[in-house]
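One structure follows; several queries about it will come next.
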Amino acid sequence: MIPKKITRREVHYVQQTVKAPLNPYLILKTCEQHNHKQESPSPHTMAHVDVPATQKAFVPLENNPEVMSHLVHQLGLAPTFGFTDVFSIDEPDLLAFVPRPSQALLLVFPVSQTYEASREIEDASKPTYTGSGPSEPVMWFKQTIRNACGLIGLLHAVSNGEARKHVVAGSNLDTLLREAEGLEPIQRADLLYDSKALESAHADAAKLGDTAAPAAEDNVDLHFVAFVRGVDGTLWELDGRRKGPLARGVLEDGEDALSEAALELGVRRFLKMEAQGGNPDLRFSLVSLGPLFD
């Protein structure tokens, strides 16, 4: 039986059980303790490797739905919308605890050599994205702030699809998204980089959580990727480290970001890739953006 109040836990894809509480910043070390064959990220494949050390750095966000919801509510997302833990992607009883429809999933995982190799191969065949304006099916943000992949993931989740309709008019988030929409990706990244409202809200949220946060300059081997159902019905993979948004497939009417089809196109696709690369027991965490109920 699941207790009414659940502490932060990790989702294990293979065993599909709720594990003991852990430090969300130290998932990689937990993986190594439980699976000595788990592939460790190379020092040269850190999640912030694409952002120069001279760039501004943020304190990493804890992968905690309460922290994430606090941040987006501070910025201007309606309080009736927020993030919830996903404790299993296969067990119906555990999935039933997630409010639906899910508008986006945020996946956090330790960056592996398998992931980096796959990312580089896929990106090599794609042009650099330059899209802008309201006609684009999604709004994509390039990451230029160190250790800000959590923030970029949150922005990808709340600024696209149906979630965008839950941004409070006139709020800092509304102002930011309206200004960002017409900009090309480089200028859009500069807008985020220079936003005092964004930096202040992030700093406030980074103080929260169940564990002590690393310093802003620390190397953190975890990365956030968002899977969002766009207004066009496509499941989009949105990652500030990539060359642009990635269309993973079209969803049917009524299929949300946590539907079987979306999971196959998104999270399970990622896990299968890792398993084929020698990481069958990769540990990860997942949260969903959707309605919040008292």
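Cβ coordinates come from backbone N, Cα and C, glycine included.
According to TrEMBL, the record shows the following:
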ACT_SITE  C149  active site, nucleophile
ACT_SITE  H223  active site, proton donor
DOMAIN    57-291  domain 'UCH catalytic'
SITE      Q143  site 'Transition state stabilizer'
SITE      D239  site 'Important for enzyme activity'
Whole-number Å distance between the CA of the residue listed as 'active site, proton donor' and the CA of the residue listed as 'active site, nucleophile'?
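Their Cα atoms are separated by 6 Å.
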Sort Q143 (site 'Transition state stabilizer') into helix, strand or coil using the DSSP assignment.
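Coil, per DSSP.
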Including all protein chains displayed, how many Cβ atoms other than that of the residue listed as 'active site, proton donor' lie within 10 Å of its Cβ?
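Result for the residue listed as 'active site, proton donor': 23 other Cβ atoms within 10 Å.
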Could you measure between C149 (active site, nucleophile) and Q143 (site 'Transition state stabilizer') for me? Cα positions, answer in whole angstrom.
7
On the 0 to 100 pLDDT scale, where does the domain 'UCH catalytic' (57-291) sit on average?
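For the domain 'UCH catalytic' (57-291), the model's average pLDDT rounds to 95.
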For the residue listed as 'active site, proton donor', name the DSSP secondary structure in the helix/strand/coil scheme.
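For the residue listed as 'active site, proton donor' - judged by DSSP and reduced to three states - the answer is strand.
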Measuring Cα to Cα, how many angstrom lie between D239 (site 'Important for enzyme activity') and Q143 (site 'Transition state stabilizer')?
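That comes out at 8 Å between the alpha carbons.
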